[in-house]
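If you check Swiss-Prot, you get these features:
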REPEAT    1-34  repeat 'WD 1'
REPEAT    40-84  repeat 'WD 2'
REPEAT    92-128  repeat 'WD 3'
REPEAT    133-174  repeat 'WD 4'
REPEAT    183-222  repeat 'WD 5'
REPEAT    227-266  repeat 'WD 6'
REPEAT    284-329  repeat 'WD 7'
MOTIF     231-234  motif 'L/FRRG motif'
Amino acid sequence: MTQQPLRGVTSLRFNQDQSCFCCAMETGVRIYNVEPLMEKGHLDHEQVGSMGLVEMLHRSNLLALVGGGSSPKFSEISVLIWDDAREGKDSKEKLVLEFTFTKPVLSVRMRHDKIVIVLKNRIYVYSFPDNPRKLFEFDTRDNPKGLCDLCPSLEKQLLVFPGHKCGSLQLVDLASTKPGTSSAPFTINAHQSDIACVSLNQPGTVVASASQKGTLIRLFDTQSKEKLVELRRGTDPATLYCINFSHDSSFLCASSDKGTVHIFALKDTRLNRRSALARVGKVGPMIGQYVDSQWSLASFTVPAESACICAFGRNTSKNVNSVIAICVDGTFHKYVFTPDGNCNREAFDVYLDICDDDDF
């Protein structure tokens with residue numbers, strides 16, 4: 001997720017299991033552990049310049065870097081792989097790979113054996129990290145946010161991104177698609193307007209998406225392509241910044257420019273709120289769609305002017321779950337919620353004020 005910088009933050013990303021997050025900044029890069037919140041390391045401006053994008057590979061020593069901001073050292077058309085395990089104090093010695101294109105890189109995704117690089121109208125997939133070679137490239141409709149998601153599971157190599165048709169999703173099984181071919185990916189007609197946010201659950205069995213309208217989140221089975229459930233964020237349009245599943249796919253959270261993080265139940269959807277009209281009986285088709293939607297089980301607010309990413313924390317007990325929100329204004333929010341919809345703040349911090357003297 002990227003936004004105009006507040007306090008120098010240009011983008012934020014969780015790692016693949018949401019146990020860490022990385023922060024691209026005007027002053028370099030910072031890496032944080034989520035629970036407990038602590039800085040794990042940083043790359044300063046002298047080493048990397050101002051950064052536009054950073055992507056982690058789990059909790060490993062590898063980072064993908066894309067230059068950006070007001071004083072970049074690296075180009076916005078290149079992805080550089082930083083290996084902190086490499087000996088040497090010179091930053092050049094730690095830059096072990098470079099992927100260069102003719103247009104700006106909008107996002108990067110990594111898994112243990114592949115790296116995905118997203119441009120405005122094209123997606124590239126390479127083997128990674130040893131002896132990288134291009135495996136696939138896919139043309140897309142205009143994708144200015146660089147939307148895509150990559151399943152981290154060892155069992156499923158699923159890639160999802162906006163399809164050619166407005167509001168559609170394309171799913172590609174990278175394990176069964178032959179490298180060098182342009183076999184047609186599976187398509188899901190998810191929305192009527194352009195896709196604004198997309199996310200896979202950890203095993204890659206469910207994909208969630210929202211359109212630019214931002215009122216509905218729809219979930220689909222990645223195998224059958226059938227719609228599983230429709231979740232209603234609200235009635236007024238909003239820009240969704242982030243959608244994430246809990247580790248066991250029992251819950252889903254979503255953040256938007258309304259300054260609200262919504263939490264939905266997926267395993268037991270009876271926990272979600274329903275429209276009062278649902279008890280009225282038969283209604284017309286347009287109202288019927290509204291009535292059938294499920295509203296969030298719980299929600300909490302963060303500063304509305306500050307974009308944020310959200311994810312689920314570690315469970316503290318069987319009936320208590322938590323959601324973490326990381327905002328570009330430098331704030332960290334942790335809320336706990338129960339199945340009956342109670343939601344309370346458990347922790348607040350300013351992660352930009354947490355410093356560690358060690359480099360990454």
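Every residue, even glycine, has its Cβ placed from backbone N, Cα and C.
For the repeat 'WD 2' (40-84), the model's average pLDDT works out to 96.
Under 8 Å from some Cβ of the repeat 'WD 3' (92-128) lie the Cβ atoms of residues 16, 53, 55-58, 62, 64, 66, 75-84, 86, 134-152, 154, 157, 159, 161, 174, all in the same chain and six or more residues away from its ends.
Outside the repeat 'WD 2' (40-84) by six or more residues, the chain places 2, 5, 10-11, 13, 15-17, 19-20, 22-33, 91, 94-105, 107-112, 115, 117, 129, 152, 356, 358-360 with a CB less than 8 A from a CB of the stretch.
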